[in-house]
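Q: The structure that follows is given in the form of structure tokens.
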């Protein structure tokens with residue numbers, strides 16, 4: 001096994017590391033008024049200002065300098081933020097830490113010190129007009145050129161959003177040379193994105209990996225293990241529902257979540 005912490009590079013580290021992080025929050029809102037209220041709530045909870053704060057903390061975690069911030073709230077709903085970043089000097093200790101496959105910090109652990117390419121986020125609130133199911137999706141992309149991997153921000157991102165389903169894609173492209181001229185197509189150890197998840201996250205979520213190791217492509221998706229109907233009802237409680245209605249709503253929500261997790265529509269007669 002290559003000891004990535006001891007590779008001496010010739011010139012700049014030319015590897016590009018990209019993390020795509022997609023979260024889904026699912027909700028049931030029975031009436032048209034409740035559905036509108038849910039969309040308004042999500043639109044306010046994850047507006048451009050809040051998303052800018054999250055992405056700025058991501059920049060801090062990966063050790064990047066923020067060069068420019070562009071953000072926009074959209075009408076009727078949705079928001080996007082793009083942050084241009086640049087790599088700064090990386091200490092030997094930071095380089096060694098980035099080569100290790102381990103979870104990054106949690107939101108409460110982030111303290112400031114900034115000095116890679118770009119970070120973007122887009123939000124997509126939507127709702128089903130008949131079955132009452134509403135879904136909020138946020139897409140975050142972190143792309144860096146240099147030593148530190150965007151995976152160090154993964155733990156923070158998961159804890160920053162209230163996510164029912166999460167899909168993550170990580171890839172490394174390009175190569176860098178050591179002082180002897182040998183090419184290195186990856187500069188840190190990894191066999192799964194799960195290496196970077198904290199233990200509490202692994203306990204809360206069921207996970208599935210699809211990895212193409214020889215191409216440096218890693219994919220992990222997660223869905224919450226526990227299902228409590230009250231966590232998904234907007235504007236009412238399960239105590240307000242009779243048993244038949246509660247079971248119907250539960251089936252609608254579980255089907256929505258499993259189809260998002262599977263990435264396809266499931267047969268109508270398939271139990272979920």
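Backbone N, Cα and C define each Cβ position, glycine as well.
From Swiss-Prot, for reference:
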- 117: active site, schiff-base intermediate with substrate (ACT_SITE)
- 117: pyruvic acid (Ser) (MOD_RES)
- 122: active site, proton acceptor (ACT_SITE)
- 145: active site, proton donor (ACT_SITE)
Q: What's the CA to CA span in angstrom from the residue listed as 'active site, schiff-base intermediate with substrate' over to residue 145 (active site, proton donor)?
A: 6
Q: Can you tell me how far the Cα of the residue listed as 'active site, proton donor' sits from the Cα of residue 122 (active site, proton acceptor), in Å?
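A: Cα of the residue listed as 'active site, proton donor' to Cα of residue 122 (active site, proton acceptor) measures 22 Å after rounding.
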Q: Using a 10 Å cut-off, grab the number of neighbouring Cβ atoms around the Cβ of the residue listed as 'active site, proton donor', all chains included.
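A: So the Cβ neighbour count for the residue listed as 'active site, proton donor' comes to 19.
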Q: Measuring CB to CB from residue 122 (active site, proton acceptor), give everything in the same chain under 8 Å that is also at least six residues away in sequence.
A: 78, 79, 80, 138, 139
Q: What does DSSP call residue 122 (active site, proton acceptor) in the simple three-state scheme?
A: strand
